[in-house]
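A.B. asks: Pasting a structure below so you can have a look.
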Amino acid sequence: MPVASLLPFTATPNRKSASPTSFRLTEKFILLLVFSGFITLCFGAIFFLPDSSKLLSGVFFRSSSVEAETSVHLNLGFPLRVLTSKVCICCSHGLFALFTGFSPRQGIRVHISKALSLKGATIVDALDTLYIMEMYDEFEAATEWVESNLDFNMNAEISVFEVNIRFVGGLLSAYYLSGKEVFRRKAVELGEKLLPAFKTPTGIPWALLNLKSGIGRNWPWASGGSSILAEYGTLHLEFMHLSELSGRPDFAEKVMNIRKVLNRLDKPQGLYPNYLNPNSGQWGQHHVSVGGLGDSFYEYLLKAWLMSDKTDEEGKKLYYDALQAIEKNLIRKSSGGLTYIAEWKGGLLEHKMGHLTCFAGGMIALGADGGPDDKTGHQMELAAEIARTCHESYARTSMKLGPEAFRFDGGVEAIATRQNEKYFILRPEVIETYMYMWRFTHDPKYRQWGWEAVQALEKYCRVEGGYSGVRDVYANTPNHDDVQQSFYLAETLKYLYLLFSDDDHLPFEHWVFNTEAHPLPVIKKQNVEIRH
């Protein structure tokens, strides 16, 4: 998978994870949090509509009197988004409070990190969710806020990775969906602010950047002062679009140079270690993960090829070569028949799989059709096996919500054995894989699994002020952390919405999702040819 007084951002670069200190916001700052509770109320409301159970049973479960193929066809004609659009009028009241100053009920905190201090992230991260759900009045209100209040001119240190995937990605997506110039202008302005991060001997960017001084540095805990694979490797999609929209080739040149550096390096067993020193251009500690610290690097190799209208042959080769190395060295099957992706530390495997790693099922399915040597069928089977394993990590908990990490050792399978791995912070990766698997297979179990997740979220995560993470998914009653992550709006809800939508709602042949679920359009071949 890894800014603000409005958002629970992470101080560690695990994709969209969060664990810095937090405090309770008051007055105008907490006003923005009401957005969270009310947009997600759209999902809650459907559970209380008259006859909703009868309607939903036709969406999520097959009738015994109807053949599977027919049932799937009928389900596609009745997407959840139709129901959502009927009940989302309730959300307008929440957005009215958000932008007019009425104070919401207390109960949800947000994390604050001194390294992530831009305001407005909750709004920017959810812009495209509002638009996709056809909440246009609320989208207009959010647009006005961006126009009047989103400011990047501050003496603040930010995470280049987090700001890119959430802010730049969110603004680009809002522009492409709506055509509103303010989003293009703000995205390019912010992209320009990030360019000084690349001023290193190798061009591998710093993790942290002061927006005013342009001075960068890396996380002090990172191996030997290294940059993180999932951070410098998760800039490509957004920066290619910044070049397209601004006419400036330097954005694209920065991310293409990262590839040049990586191509010069020897990869242990064909794998990419999570740490790379931006001064020496050498690997740091040999730790490999398809979860935190590594995850979205692999995702962006594949999506760079897809976003280029399949003209980026280098990106394609890098992805499939990396996947082959992952399958050979990291993918294992438990004695109970569950396929999982382990972590690699200096040649030794740790038989642990993170919730973040569960995005890989969707990634492998997305790339299966382009796989070499007629491996499409094999890769789809592998994707389905990973989806099943991640579903089991949910099914084997008391709350039917997945832990942060789960293990395959000591006689346990797909279960968290350490207390600090038992929490759930509204992560999207399992839902993400369900969505991709549904789109490619139309197997109704993926919608059923998604529906189970919705029920669990409603039962255990819904609180007075919105939705909260829980500290132990194996407990019988929830101990809430009182934090609603912004990626819950940007990703978890969006992927659930698309899971129950028709396939032509943001079709994959036209759109590629960045790692924060912000859809970006495929750059058509004629555009590539003109540019070169």
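The count begins at 1 with the first shown residue.
Cβ coordinates are placed from backbone N, Cα and C, and glycine is handled just like the others.
In case it helps, TrEMBL gives these features for our protein:
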- E162: active site, proton donor (ACT_SITE)
- D295: active site (ACT_SITE)
- E404: active site, proton donor (ACT_SITE)
- E429: active site (ACT_SITE)
- T515: Ca(2+) binding site (BINDING)
- C358-C390: disulfide bond (DISULFID)
- 29-49: transmembrane segment (TRANSMEM)
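Give me the structural setting of these features: burial, nearby parts and distances.
C.D. replies: Around E162 (active site, proton donor), a 10 Å sphere centred on its CB holds 28 further CB atoms from the protein chains shown.
There are 23 other Cβ atoms within 10 Å of the Cβ belonging to E404 (active site, proton donor).
For E429 (active site), the Cβ neighbour count at a 10 Å cut-off comes to 27, with all displayed protein chains included.
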A.B. asks: Report, as a single number, how many Cβ atoms besides its own are within 10 Å of the Cβ of T515 (Ca(2+) binding site).
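C.D. replies: Here the count is 28.
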A.B. asks: What is the interatomic distance between the Cα atoms of C358 (disulfide bond) and E404 (active site, proton donor), given in whole Å?
C.D. replies: 10
A.B. asks: Using Cα-Cα distances with a 10 Å cut-off, which of the recorded positions E162, D295, E404, E429, T515 are near C390 (disulfide bond)?
C.D. replies: E429
A.B. asks: Can you tell me the CA-to-CA distance separating E429 (active site) and E162 (active site, proton donor), as a whole number of Å?
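C.D. replies: Rounded to the nearest whole number, the Cα-Cα distance is 17 Å.
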A.B. asks: So which recorded positions out of E162, D295, T515 end up within 10 angstroms of E404 (active site, proton donor), measuring C-alpha to C-alpha?
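C.D. replies: The recorded positions close to E404 (active site, proton donor) (Cα within 10 Å) - there are none.
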